[in-house]
Amino acid sequence: MARVLLKNVTKKFGNVIAVNNLNLEIKDGEFMVLLGPSGCGKSTTLRMIAGLETPTEGEIWIGDQLVNDIDPTKRNVAMVFQSYALYPHMTVFGNIEFPLRMAGVPKQERIKKVKEVAEFLGIADLLNRKPSELSGGQQQRVALARALVREPQVFLLDEPLSNLDAKIRTQMRFELKKLLSYELGITTVYVTHDQVEAMTMADRIAVMNKGILQQVGTPDEIFYKPKNTFVATFVGSPPMNLIEGSIVEKEGKILFETEYFSLQLPNDVPKAEEAILGFRPQHVEVSLAPKEGYVKGNLLGVEKLGVENYGHIGYGHLEIVVRLPEEIRVTRGEIYWKPQENRIYIFDPKTRRAIYG
Amino acid sequence: MTPKEREKLIRRIWIVITYVVLITFALVYLMPFIRSLVASFMTWAQASRYPPEWIPHPFTLENYEKLFRLELFPRWIRNTALYAGLIVAGNILFASMAGYAFARLKFPGRDAIFSALLSLLMIPMFVTLVPNYIIIYKLGLIDNIFGLSLLGLTNVSSIFLMRQYFMSLSNEIFEAARLDGCGPIKAFFYIALPLARPALGAVAVYQFLGSWNAFIGPLIFLRSPENFTLPVGLSFAFQRSMWTEYTPIIAGSLVASAPTIILFLVLNKYLIRGIVITGGKG
C-alpha cells in the first residue's frame, strides 16, 4: 500500500498537451476518482501512473520511490482495463495465476492464492472456463481477481463499469467500493466520465478538463463548493443553471438583473457589472401562484424521470431547468420560481471562477 | 403471369446463369488436372496424339509402375518432406519473431526497415538467384538440402502476414501483460504466440505448398540425383536426350500433389484466414 504523488506532470503527444502541469496527491488507502469528459487527460494520467506512458515533464512518486524510469513490469501497480483485457487463450485460473507466475511464485502458493481470491470474489466455480464463456459481469470479476491476486501497492481502474449493462453497473459500483475501500483499503485511482460513479464511490474526486486539473475535493466539496463553472456544470444532473447578468444595489437590496427578470440575492453578494448566477435545478422553490420575490416564467415542457420531474422555463434564448415538486402536475403555462438563498453561486464571467457560494 | 411469379422466374434465370458461368470457369481450371488424371493411364503414343483423346485406350498402369520402379522415388519423397519441413519450421520461427518485433516493439528505424523488407517483394526471384548461388557455393552447401533450405527459412510475405496479425490483436492485452510483470520476450511466448495460432497455421500451409512444389530452386542448387526433391527428380528420371517421357512424369506429379491436396482439404480454413488477415487491417 502506498500513496501516489504527481508533481508538475505534463504529457505531450506531438503538439497536443494531454496533461498540463498536474499536481495531485493520492493518499495511502484513498479511493481517488479522476473525473472528466473524454479527452480530458484522465486516462493518460492513469497510464502514466501505470508506466504505460512516460511523462514529458514532472515526477511521479509511488510510496517513497520516484518511478519515472521504472518499467511497468516492476512498479507493482495493477490495472483493470475498460475491455478487461483478459487473456483469451487461458482459463480463468490461468488468467488469475498469470501475474504470480511472472513473479516466480512457487506453484503450490499460486494455487492457494488464486483459490483464495476467486473465493473472495465469488468466481471459484468458474476457474476452468475460458473468458469467452463468461458474462460481462463475470469477466469483470476475473479482471479484478487478476489485479488483486498479487496484492499491488496501487490499484488502477480505467472505466471498468462502462461495458456493463445499467443494472449490473449499479450493483458493481457499490461492490467495488466496498471491496477496495472498506475491506482491503488499497490506494485506488479510478477513471470515469460518469459523475454518478464518481460521487458514489470516491473518497476524493479530481475533476479534469482539457488536461488541466479543475478541482480536487470530497464529493460534497465538488458538489456544493464548485470552484468554477466547468465543475459546477459537469457534476450534477441536470447540470447547474448558469445565467449571465449584473449584480446591482437598489433601495438597499442586492439584485441580480438580466434583460428578462430581476432577482433578489442575499445582502453579502458582492456587486459586479458582469456576473454569472448559478443554481442547481434541485435548489429552487417553485409555485403556481405569484409569490413575493419569485420570478415569473413560462413553462416550456416537463421531463419526467419517475420520482423527479424537471421543468424547462424559457426566456428568449435562455432556458432554466428546475425540479418541480411532486404536487405540481402542470406541463405548460405560467410558473413562479426562486433559487434557495443559501444555494446560489456567483461566477466571474472572465475567469469562470466562483466568487461567491 | 403475376408479378410475383415473374420475379421468381427472373431469379431462377439468374441462378442458372450464375451456375453456368461458375461451372464453365471451374471446368477451365479443372481441365489440366482432369487431363493429367486421364493421361496418366494412357500410353505416351496415345497421350501425345492430336486432336487429344479423352478415353485411355488401352488402359494402362505402366506409368505408375515405372514410377514405383524408380529406386530413388522414396528418397525423393523423403528429401521433399525434409525440405518442406525445414522451410515450414524456419518460417514459423523467424516470421513470428520478426512479425512480433515489427508490430509490437518500438525501435529506431522500425518502419523504414519494414518498408525496405516489403520492397523485396518486388524483386523477382531470378534476380537474386546468382548471388544466392554464390553465397551457398562459398558456404560449401551446394547439392545439400540444408543449403537449399537456408534460402527459404524466412520469407517477406510470412513476416508481413504475422505482423498484420499481431497488429490486429488488442493493445490492452499486451499492456495488461506488461503490468502483470511480462517483458516483451515473455509476452511473445506467453501471449502473442499462443494467440497467433491461426496466422501460424496459414504461414505453415502456404510455405508447405510452396516448398513441396518448388522446382527452380532445387533444380539449381541440387546436383546429385539422390539429393533431388520430387519435382526435380521426376523430370530428371524421364528426360531422355532427345525427348521426354511425359506420361510417367504426369503420374508422378499426381502422386506428388496428393499430400498438398489433402492438406488443402483439411486446412483450407487457415488458407482463407491467411488471406483475410493480410487483406484486413493495413
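Cβ from N, Cα, C; glycine included.
Because TrEMBL annotations are produced automatically, they should be read as predictions rather than curated entries.
Straight from TrEMBL, the features:
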type     : residues  : note
DOMAIN   : B:77-267  : domain 'ABC transmembrane type-1'
TRANSMEM : B:12-34   : transmembrane segment
TRANSMEM : B:81-102  : transmembrane segment
TRANSMEM : B:114-139 : transmembrane segment
TRANSMEM : B:145-166 : transmembrane segment
TRANSMEM : B:187-209 : transmembrane segment
TRANSMEM : B:246-267 : transmembrane segment
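Between the transmembrane segment (B:187-209) and the listed ranges B:12-34, B:81-102, B:114-139, the one holding the most Cβ pairs under 8 Å is B:81-102.
Between the transmembrane segment (B:145-166) and the transmembrane segment (B:114-139), the number of CB pairs under 8 angstroms, six or more residues apart, is three or more, so the stretches are in contact. Within the same chain, residues 36-37, 39-40, 42-44, 47-48, 63-64, 66-67, 73, 77, 80, 201, 205, 208-209, 212-213, 230-231, 234-235, 237-238 sit at least 6 positions outside the transmembrane segment (B:246-267) and bring their C-beta atoms closer than 8 Å to a C-beta of that stretch. Tertiary neighbourhood of the transmembrane segment (B:81-102): same-chain residues 110, 113-114, 145-146, 148-149, 152-155, 158-166, 188, 192-193, 196, 200, 203-204, 207-208, 210-212, 214, 218, 229, selected by CB-CB distance under 8 Å and a gap of 6+ residues from either end.
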